[in-house]
């Protein structure tokens, strides 16, 4: 056979032609520069006579390993007499290979490092002092599995004496039935260890859905850091999944309690990731370090401290131990919205350690329904700092969404007064990382600015109220010239878009303008034409797109795309009226809001109507596929990441079937495990697939095989229907990814393809 032509022919992967391959090569180099930008995740401050020492936890995508590389960066903080502050950084960061969690002790003299195994090996606990490893304990699987470090059930807490650490870990595997070579059942205590025996599967146990596949029940443990002895805490019903444990104050020889959040999962465990509407409470159980191991658990009963409220999480004790503070998502639990406006509460903690039969819950921050223009819109937090207190003992610092930004607030626990600690004139997003006395160490970023470390010194304003003077900290983090060049010409602003459907039945807060973050190049329109525009839609729908830095979106901006990042009604940060206006109207009100924002940009002359694309994931993918069906001539290309395309087929296989009912009907009363024909008809009617006959927009689909939230079959059904119609589609499937599609290689390949796909139809 003549093979003379094969040497010059190039092997191209599916879907590539030589021109596209060249573009892949060009775009991949720039994208990698952006992907390499590290995240500043956490910080700890250690005080000494010579000043404060800061330790920062950072993470960076490792494309080769397809994991995040974690490392520590440390520096000395010196406050100068002229009110300036200097950070003196260590010359190099230190990689923390295999470390799952770092937890300094209250004094700062010890550091706990936890290393979770990737198999059935023991979990490692390491106790470090300032110069060396003091102790190392290996906790076998028969005691417990991996420690929870998920940011939700996660809770790792030192006691005040620094002799014990309480934490949440997977309970040990429950025994499975064993059968011999003939198939006969073998009793658990059987002495017959004959060859050929095998284990069955045993009873199925429900998990907490997306991101928790294969994870066992979270349970509470205490380790003695001197002896390494681990004690499982008895008396907690298995129907309660525990998390977020802290120690109660230990004063006057009073009894000490473990205080934690608990989620009930006795009837069904719905998906809990991103879902604040799962009922939960703050519990307390007494702990005595010299407790005999055979004591009856009833001698130390569990106390529900928040019986009168449907939600309680993130427990924190005030510095003086007088108050227990917690966050509540009762509005989400009571309404059914998966996230809604939160509230903050406090409980008086008894100095004698004797818990009353019922506790008086005091409201500190109540739910805001209709915020006045420029005023506090309500509380939207994902968690609290481990030590969020100023020196006065009653001022708590937290980070929350405030319209299209994230801000830092100071909350007076006694009066409930809320004041903004981050600059009130800043449209950047701010996140408090740690407190240095009354000063704040924070990170700030915007869609066009990489994350920067900030240091805020507390002072008083002209009215005598607390205010913070912020300093820029010269970070040792270096960014590539290509990244800085790509960002140098970018700018952003927040657009207010008046809504059109101001009906009488609409709540007042739902009549306010929506917001959209417009990101563009200062060089746009130099040739009289606007850059192509990407309409960017967040998921949820009860989530928000803040003015913060995203590596991948900044990459798309740097290659010539303007962005319109739309916070439609139903988003967080705008008060409860606006949020609750969407349920029952998904696929309609949110679609109209998105089209309104796009048309507003066109009318302002900042968008070319012939070069508009749309990008969204999850509910943002729901909106993306709705938009190309309801406005088939509006968008030249689309990209959807794990989109909801058909609620009727999703409801029976998702980990959150309640979401389908709530967003379709607007309340919880219709929920059932057996949807009726009428339910399925309504779901179909409100889904993008009901508009598929009108779709003609070329669409890229990015799907994760392990997605439990919007299982891959939902996207495939829509894709095949488009192919049947002859619509151009491209599909990328990531076999080891779940809903977020956030593994480094997946994130990289996804946005590389999004860029090339959009370039093809916008003719960049």
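Cβ atoms here come from the backbone N, Cα and C positions, even for glycine.
Residues or ranges marked as active site, charge relay system in Swiss-Prot: 618, 707, 739.
What Swiss-Prot annotates, mapped onto the structure for a quick look.
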| residue | record | Cβ neighbours (10 Å) |
| --- | --- | --- |
| 618 | active site, charge relay system | 25 |
| 707 | active site, charge relay system | 23 |
| 739 | active site, charge relay system | 24 |
Sorry to bug you, but what's the C-alpha spacing from residue 739 (active site, charge relay system) to residue 618 (active site, charge relay system), rounded to the closest Å?
8
Whole-number answer please: how many Å between the C-alpha atoms of residue 707 (active site, charge relay system) and residue 739 (active site, charge relay system)?
5
